[in-house]
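Chemist: What TrEMBL shows for this protein is this:
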- SER155, ARG175, THR236, SER298, ARG299, LYS308, GLY336, LEU337, GLU375: NADP(+) binding site (BINDING)
- 92-220: domain 'FAD-binding FR-type' (DOMAIN)
Amino acid sequence: MALSTPLSQLSVALPTGIDGSSRSMIKVQSISFTEKSRGLLLRLDSKSRSLSVNKRSTICMSLQQASRSKVSVTPLELEDPKETPLNLYRPKEPYTATIVSVERIVGPQAPGETCHILIDHDGNVPYWEGQSYGVIPPGENPKKPGAPHNVRLYSIASTRYGDSFDGKTASLCVRRALYYDPETGKEDPSKAGVCSNFLCNSKPGDKVKITGPSGKVMLLPEDDPKATHIMIATGTGVAPFRGYLRRMFMEDVPSFKFDGLAWLFLGVANTDSLLYDEEFASYLKDYPENFRYDKALSREEKNKKGGKMYVQDKIEEYSDEIFKLLDNGAHIYFCGLKGMMPGIQDTLKRVAEERGESWEQKLTQLRKNKQWHVEVY
């Protein structure tokens with residue numbers, strides 16, 4: 001379905017409960033549909049400075065702000081704790097949460113399937129941006145008969161307020177893990193990823209056992225609102241950075257007013273594999289002074305040597321600027337498959353040597369200054 005011209009200045013009723021039973025009237029400036037998101041895009045009335053959603057909103061991920069307005073969040077008490085929430089629920093006593101929605105977020109030409117999983121924890125498993133949840137899939141551990149499956153960790157792809165802005169949900173970005181026999185080329189369901197397939201196959205209302213939250217290395221430092229944050233991701237490694245960016249540019253948090261630079265490098269196979277691209281593009285449009293967004297599409301672009309364009313090639317392209325930012329205190333984050341790091345490290349080492357610097361000494365200093373943040377899997 002497509003609308004060649006937007007409808008303008010009307011009010012629509014949208015479901016705000018998890019079950020869609022309760023409805024609220026929201027005045028919008030325009031409505032349009034996009035093939036990429038397959039979702040309703042709302043442009044808020046330009047007179048409105050914020051959209052307050054007090055109940056569970058199901059419009060969450062497809063919301064677009066107009067005129068740099070931000071979304072009100074609640075409860076603001078989530079800003080109060082001084083101690084990072086850690087391991088509130090452990091594998092022996094996990095929390096039983098509920099699946100709200102599962103949405104495929106890649107196009108038809110993407111290799112593989114990646115889903116956005118929205119989970120309702122009812123405010124009982126609070127977390128901070130950059131942390132992870134553990135998920136225990138149902139069933140028995142084949143290596144330990146009678147025991148549950150091992151915990152699988154997933155970076156949380158939302159802010160502490162969740163996609164519904166009420167502090168009661170969390171989102172995961174999950175790529176379905178499949179196995180293909182190298183000889184026959186056929187899929188072998190018996191070797192498919194247990195947890196990723198459980199999550200991607202889930203239906204609204206299904207229960208999911210979660211642990212955590214865990215992790216401190218990827219927490220977003222907020223002591224300096226003018227800081228520079230360089231984020232480097234491959235594939236679903238973009239998850240924590242989506243949380244950072246929503247906090248910086250989408251949410252109206254009175255105690256956090258970001259006025260620095262956020263620079264995202266995202267490496268994926270092709271255009272159809274881009275994750276949350278419309279969200280990031282909207283920040284680029286609304287906050288050009290504070291946000292930069294560079295993509296490396298390995299199957300569509302070539303690097304300067306004629307090879308495939310990987311994220312490390314983009315880093316090399318902007319290496320002088322990146323090194324200057326690091327020298328001035330910028331934080332740099334890496335998240336994705338562990339295989340991404342050797343190529344990136346080699347690139348940074350080569351660039352450092354070309355600049356007459358020792359990469360080992362520089363890396364030691366970055367770690368000492370707590371500017372270096374890595375989470376790979």
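Glycine residues also receive a Cβ, built from the backbone N, Cα and C atoms like all the rest.
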Chemist: Provide the number of Cβ atoms within 10 Å of the Cβ of ARG299 (NADP(+) binding site), excluding the reference atom itself.
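Modeler: Result for ARG299 (NADP(+) binding site): 14 neighbouring Cβ atoms inside 10 Å.
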Chemist: Going by DSSP, how much of the domain 'FAD-binding FR-type' (92-220) is helix, how much is strand and how much is coil, in residues?
Modeler: 11 helix, 47 strand, 71 coil
Chemist: Provide the number of Cβ atoms within 10 Å of the Cβ of GLU375 (NADP(+) binding site), excluding the reference atom itself.
Modeler: 19
Chemist: Quick one: mean pLDDT on the domain 'FAD-binding FR-type' (92-220)?
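Modeler: Mean pLDDT, the domain 'FAD-binding FR-type' (92-220): 94.
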Chemist: Quick one: give me the count of other CB atoms within 10 A of the CB of SER155 (NADP(+) binding site).
Modeler: 25
